Amino acid sequence: MTNVPETIRKRVDSLRATLEDHNYYYYVQDDPRIPDAEYDRLFRELQKLEAEHPELATEDSPTRRVGSSAETSFEEVIHRLPMLSLDNAFSEDELRDFDRRVRDRLGADGAIEYVCEPKLDGLAVSLHYENGTLTRAATRGDGYTGEDITANIRTIPSVPLKLRGSGYPDLVEVRGEVYMPRAGFEKLNERLAEQGEKTFVNPRNAAAGSLRQKKSTVTARRPLELCAYSMAVTDESVLPETHWDSLQLVRDWGFRINPEMRKAEGVEACLDAYNELMAKRDSLPYEIDGIVFKVNRLDLQQELGFVSRAPRWAIAHKFPAQEELTIIEDVEFQVGRTGAVTPVARLKPVFVGGVTVSNATLHNMDEIRRLDVHIGDTVFIRRAGDVIPQVVKVVPEKRPAEAPMVEMPEHCPVCGSDIVQIEGEAVARCSGGLYCPAQRKEAIRHYASRKAMDIEGLGDRLIEVLVDEGMVSTVADLYRLTKFQIASLERMGDKSAANLIAAIDRSREPVLWRFLYALGIREVGEATAKGLAAHFGTLEAISAADEETLQTVPDVGPIVAGHIRSFFDQPHNQETLAALKEAGVTWQEEQVLSADEQPLNGQTWVLTGTLSGMTRDQAKEKLEQLGAKVAGSVSKKTACVVAGEAAGSKLAKAEQLGVPVLDEEGLANLLREHGIEV
């Protein structure tokens, strides 16, 4: 052994202790004490020192958590104490029977105290420590023989490589569940999908697959955690009197124990714990499939003993399954209120997640292709809480011969309009926006909104009633409504009806860009609508333009041009436009000005304060007619600030930067000078 300076030895020991402390606070206590960058700096320093002085490297060093590229053989391990499974209870009656058996066997008249632990949906493991250092880790296997996974377990940050504190026995075994949190599972699957690799069906499979990687470097990159649930020692004199206290001891040694764990006196309290945990099941950051009840006193556990392959002093009360197998009998396509066309699997009814499920979403055609779904397939269905049931995996070996593939229809199943899918988008959509009954309410809501036709008093609830009562089918029908019809509706009197009819009448002569925006063409917002109106001047010119011509308008690319062209190509939409004209809706043509003819072209203006003669939106609209871009903040590039009453920080900043300022009268004069009505 070479002579390593004592200062180096002490620094290595100090770094190891510091890093393990921070691992403990970060991964076990969820209480980070230093920034990630500082942890990384200390970690790299330890790596460097161990590389320079290999004789200082130890098996319990934090640097061992990064894993090794050497392949693991998973040698057989015989458990000194069998890792027995638990009996299950699937109903309240079965749990009551368990409690009765416990009390009868113990001859107990009163209630038994139990420890209630969430049953994590992961992989059970056994960890052996000698003199406080992790020496071996193994899977449960068949309960008597498991596999050596020591190299992979070392990579899990919440597993102590060396026990904390002092006073622990020379030999100790800690058992726990390795699991993958929901957030980590989702990120892992996203990464695997991006790399073109096979994704995991659920977090449990992901945890099991990650723990059995032949190269521990792969395991090190997987977001695994460990939660301890029991301990065993050769010298039982060091054990506390209860299971609860033994877990507190395990926690003091540096392990994470479940914060949802609690004590319960008697079976009724156990049932309360079960119901409370089931209610919050879907909000937990990890998946659980039940709750484990254990007799708390260790002497009573010993008296109760074991039967066959399970202890008499514990039982797992399982939650309703969240995944089940069933068969896809058909696939139908639904149209949402925004026109999204979604494939829905019609299933052979199956009880899952506490309810009978006969439908499940397939999301889109990309997902159907990824899963390789055929009609007649046997599939795994998953339902968690209020989440819509979904197909998560196909069992291809059970596929019937000549099972048909799922194909996207060419026409909307509701209105018959073309179904379009823009390249690069996962969602296909019905192009019959103004006409399609499935999109009716959303189309009317958008048409009446303040930034579109601004029909005051026509809110969501009234739109629901008008459509549901059959009084309105398209936006054109709004202009055929009468005061009598409106007044006859619940909670609508004569005055409200008169006000609404007046608001509808006021919307008959919109400026072109507002009408264009009101049509609800996909991805045509206010700015794009203004650009189209200014460029073409008339709705007829816009509706006749091909995609190439449409793309000459600023901010209109191939995708938006495709949406515009698709909208005007649909006969149903043209019929609705004709009906609007017939109902007396006319839109003002815009004077088409070249950039040179727009006096404020290329300038950025800012509005601040209160204007008395017009609203801020009206002022913005008039400035945009002159070619200005109206921004929300002042900078050196601002051409001018219009300051109304009670102008605040924007005015102060303009004065500080030397930006010209106009009052409301100055703005009015500017607009009149260029022929804009004030």
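Every residue, even glycine, has its Cβ placed from backbone N, Cα and C.
Taken from Swiss-Prot, the feature active site, N6-AMP-lysine intermediate applies to K119, supported by sequence analysis. In the three-state DSSP classification, K119 (active site, N6-AMP-lysine intermediate) falls within a strand. In this view, K119 (active site, N6-AMP-lysine intermediate) is surrounded by 22 other Cβ atoms within 10 Å of its Cβ, with every protein chain counted.
Non-local neighbourhood of R140 (NAD(+) binding site): M83, L123, A124, V125, S126, G146, each in the same chain, at least six residues away, with C-beta under 8 Å from its C-beta. Under DSSP, R140 (NAD(+) binding site) is assigned to coil, being neither helix nor strand in the three-state scheme. As annotated by Swiss-Prot, NAD(+) binding site applies to D36, A37, E38, Y39, D40, S85, L86, E117, R140, E177, K294, K318, with the evidence given as sequence analysis.
Summarising the annotation, Swiss-Prot assigns Zn(2+) binding site to C412, C415, C430, C436 and lists sequence analysis as the type of evidence. Under DSSP, C415 (Zn(2+) binding site) is assigned to coil, being neither helix nor strand in the three-state scheme.
Feature annotation from Swiss-Prot assigns domain 'BRCT' to 595-678; the stated evidence is sequence analysis.
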Pairwise Cα distance for C436 (Zn(2+) binding site)/K119 (active site, N6-AMP-lysine intermediate) [Å, integer]: 48
Shell of the Zn(2+) site beyond C412, C415, C430, C436, same chain only (C-beta within 8 angstroms of their C-beta centre): V335, G339, P413, V414, G416, S417, S431, G432, Y435, P437, A438, Q439, H572
Distance from K119 (active site, N6-AMP-lysine intermediate) back to E38 (NAD(+) binding site), taken between C-alpha atoms, in Å: 36
Residue among binding-site residues D40, K294, C415, C430 with Cα closest to the Cα of K119 (active site, N6-AMP-lysine intermediate): K294
Across the domain 'BRCT' (595-678), average pLDDT on the 0 to 100 scale: 86
Nearest-integer angstrom distance between the alpha carbons (Cα) of D40 (NAD(+) binding site) and C415 (Zn(2+) binding site): 59
Distance, L86 (NAD(+) binding site) to C412 (Zn(2+) binding site) (CA atoms, angstrom): 52
Neighbourhood of C415 (Zn(2+) binding site), C-beta criterion under 8 angstroms, separation at least six: V335, C430, G432, Y435, C436, P437, A438, H572
Cβ neighbours of E38 (NAD(+) binding site) where a neighbour is any other Cβ within 10 Å: 11
